[in-house]
Amino acid sequence: MIWNSIFIMTLIDLLIIGVFLYVVFTCYRHTDTLRELGVYRLMLITIAGLGVIALFYMVDLATMHLFPLVMPMARAMEIMHELHLNYMWVVSLVGVGLLVVGLSRLIRVMLPKIASLLQENLSVQEKLERLAGTDTLTNLPNRRLFYQQMERVVALAERSKERMALLFLDLDGFKPVNDQLGHEAGD
């Protein structure tokens with residue numbers, strides 16, 4: 001029974017330490033990006049909180065696996081129990097406190113930046129949509145926009161059971177006018 005609980009506690013300890021190492025490694029790989037975003041110090045606070053908790057669990061691992069090698073198992077379990085009883089609340093308070101402060105400030109800094117990026121993205125999409133529907137030379141609606149509007153008008157006419165007409169003009173011999181007088185005159 002005792003080895004079963006030690007195994008489970010070891011897995012929990014290793015998981016927490018693994019999360020800490022993953023966060024540290026990820027932040028290290030993206031240090032420049034974090035500095036550009038102005039959140040590098042906030043990530044350090046968050047990492048410190050995780051570090052305090054991970055350090056406690058490293059000590060916990062050492063207590064479970066190294067102490068029984070140098071002292072009786074009963075004494076090792078007693079030390080581990082005292083460690084949890086006397087220091088777990090301090091570790092929880094400091095570690096979780098740092099995590100909460102770091103993450104809440106990180107969220108407070110990042111949310112306006114994310115909102116700004118989303119707004120910028122919407123503006124760019126709208127501009128691209130406008131550009132896709134106009135001729136770059138004349139700034140007049142192009143064939144793509146014509147077909148979109150035509151589909152909309154035909155669908156509206158079908159729904160409202162109204163008639164519609166389309167007038168199509170094809171000007172022969174217009175190219176020489178365009179070539180002689182320029183695109184502005186031709187348009």
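Glycine is treated like the rest: Cβ placed from N, Cα and C.
These features come from TrEMBL:
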TRANSMEM  6-28  transmembrane segment
TRANSMEM  40-67  transmembrane segment
TRANSMEM  87-107  transmembrane segment
DOMAIN    162-187  domain 'GGDEF'
DSSP-derived helix, strand and coil totals, residue by residue, for the domain 'GGDEF' (162-187): 11 helix, 0 strand, 15 coil
Per-residue pLDDT averaged over the domain 'GGDEF' (162-187), given as an integer: 76
